[in-house]
Structures are given as structure tokens and as C-alpha cells.
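A.B. asks: Right, I'll just put the structure down here and ask away after.
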Amino acid sequence: MGRLFQLQEYCLRAMGHKDDMDSTDSTALSLKHISSLIFVISAQYPLISYVAYNRNDMEKVTACLSVVFTNMLTVIKISTFLANRKDFWEMIHRFRKMHEQSASHIPRYREGLDYVAEANKLASFLGRAYCVSCGLTGLYFMLGPIVKIGVCRWHGTTCDKELPMPMKFPFNDLESPGYEVCFLYTVLVTVVVVAYASAVDGLFISFAINLRAHFQTLQRQIENWEFPSSEPDTQIRLKSIVEYHVLLLSLSRKLRSIYTPTVMGQFVITSLQVGVIIYQLVTNMDSVMDLLLYASFFGSIMLQLFIYCYGGEIIKAESLQVDTAVRLSNWHLASPKTRTSLSLIILQSQKEVLIRAGFFVASLANFVGICRTALSLITLIKSIE
């Protein structure tokens, strides 16, 4: 298996970032760091210009708004990473160190080797799958105009040129060389969007899966704790478990803190995107190409939301299971002093570790709620038509 978070690290390095935790200016942002942010923000102008230019055509407006919202969400993700760049790299190093310790003979981690190894395989697979999904969606947008031009030339007919994204520039963007320049600009924006989505979203689900594995490791340690034992051994074991639990809770809260803007943006913007994309799906039922385009786009944005909801769900569930692990252990054989310490662990683990932003909680229940809303919108729009 490759290095932990390797794909996400490659995406970040492609965007000009590097692991500079030890650098004296690790908190400073240079032009290369913010160039991607400026580049993506600049794409809002031609997108909004397109909406304004076609304001009387609801189909074109909704088609463009779905891209506008995606671009806005990418701006939030880039800003989140730039603002918390050092924290991101610290968490990457922390989990890599914990993974190395799980393969060593350190007692705290040795018992959870299977959990951590399987978690890292799953995180690596999901990261690659998500990156491929985002890449294929972007590629589909890019190839659409090229395929259309190729088909027209094959049949010896003429057709109007189209940009990959619905954009309107302040110059003639449908004739050479303006068309080629705008096409290249759109491709570069798409590459940045895909790279940051793969990195930021991929890191979140990888962090969440690793946290779940370590919570499971902690549960196993508690359940397998053999009582009674000598007082020194008991204190060493208890100290190790408490420190491990505190570390996992700290990492969970840190994850929630640095991803708060992204979770908020993900829920708000996905809710808006669902409305406009469902409208496009329903109104383009007769066009197979358009239907495939918007169906893949819809699947991509729902996958992004699912990543956060699933990650939040597994962290919440496994953090609560520590309470169950203590109750399933042979705690009744422990000394009164140890029982008191175990009761404190129970109290601490009964507090839900929620990944939330405002009143939005990243959970599968909320994801299902948005899916139900999407189905209701389909029924509503079809009934109106």
C-alpha cells in the first residue's frame, strides 16, 4: 500500500503547496498559494455574465447556476485549506505517525493493527474513486464541445461552437483565437476545481475513516483489558487508554474546527444545486446527451455531500461506542479506584462528537433528507409541466 494520503498530497503539490510545517514562514501565504484561489474566483465573472445575458431563458440560467454554485463551493474549500494549511499538514503527519506506531510494538496501537490497516486501504480506495469521479465529470464537460464539432465535420455540416462551461466573456469567445483562449482557460479552471475537490474532500473522508479505526482500536483495548492486575500495570494501562481517548477526541474536534466552513458551504450550496440540476434533468428528458451530463453532475455533487455525511456519521457512532466497550469489559473485577476512572471515560464518551456547522450536522439522516427533497422536486416539476 502506498503512503497515507498520497493522492491528496499529489493534488496539493500540483497546486503549488508543500509540506512546510518546519519552515519559519509556514503561516505566510505566497502568490503561488493564492493563485489558484484568484484563478477560480475569476471564473465567476464569465459565469455570472452568462446568467445576466440569458436571464430570460430559464433553461440556460439554471444550467449555468449549477456551475456557478460548484465554483463557489470550490472557492470555500480553497479558502478553508489556505486558512488552515498548517493544521491540515499537522493532521496528515499525526495520522501517518499513528499508522507507523500501529505497525510497531507500541502497546497502545499494537492491538488495533487490523483496524488501522483495513481503514487505510479503504481510505485509499475511496480517495482514488472520488478523484476519478470528479475527473470524469470534468472530462465529460470538456469533451462535449469537441465531440459535437467532430460529429458535425464528419457529417459535413456546420455547427455553432460552444465552450465547455456556460460562460460569457467581454469579447468574441466563439471565433478564433478567442474561442481557443477561452477553452484553455475553462480547462485550467476545471483542473484546479478537480484537484482541490480531490484533496480537501479526500482528506476529510480519509481522516474520518482513520479516526473510526483508532476508536475501534481503543474499544478493543478496553474490552480485552484483563482484571485484576497489579496496581502499577493497571495504572500504566489506564494512563495509556485515557491518553489515547483524549488524543482521538482532540483530533475529532480539530477536524470539525477546520472543516466547519466547508461543511456549511457543502450543505447550503448542495441544497441549491439540487434544485437547479433537478430542473435540468426533468426538462432534458428527451436529450440523451444532456440527460447523461446532468445525471453525472448530480451524482458528483451528491457524492461530495455523502462523503461529509458518512464521515460525520462514523465518527459520531464510533466515539459513542467507547461507552459500550467499557460496559462490555470486566470492569466489575477492577479495583474501586480503577472503576472510578472507567466511569469518567464513560461520561466523556457519552458526549456525541458531531461534525457540524451551525445547525447543519454531517450525518446520513440529513443526507437521506436531501435525497428525499430531490425526489419531491422531481415530482413537483413534472406535475407543473
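Glycine is treated like the rest: Cβ placed from N, Cα and C.
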A.B. asks: Tell me if LEU12 and GLN321 end up on the same side of the membrane in Swiss-Prot.
C.D. replies: yes
A.B. asks: Out of 237-257, 258-278, which range is noted as transmembrane segment by Swiss-Prot?
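C.D. replies: My reading of Swiss-Prot: the transmembrane segment range is 258-278.
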A.B. asks: Can you tell me which of 33-53, 132-152, 258-278, 291-311 gets the most C-beta pairs within less than 8 Å of the transmembrane segment (358-378)?
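C.D. replies: The stretch I would name here is 258-278.
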A.B. asks: Going along the chain, which residues at least six beyond the ends of the transmembrane segment (63-83) come within the CB cut-off of under 8 Å?
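C.D. replies: For the transmembrane segment (63-83), the nonlocal Cβ contacts are 12, 17, 29, 33-34, 36-37, 40-41, 43-44, 47-48, 50-51, 54, 165-166, 189, 192-193, 196-197, 199-201, 258-259, 261-262, 265-266, 269-270, 272-273, 276-277, 280, 294, 297, 301, 304.
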A.B. asks: Which listed range (33-53, 132-152, 291-311) shows the maximal number of Cβ pairs under 8 Å with respect to the transmembrane segment (258-278)?
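C.D. replies: Checked against 33-53, 132-152, 291-311; highest Cβ contact count belongs to 291-311.
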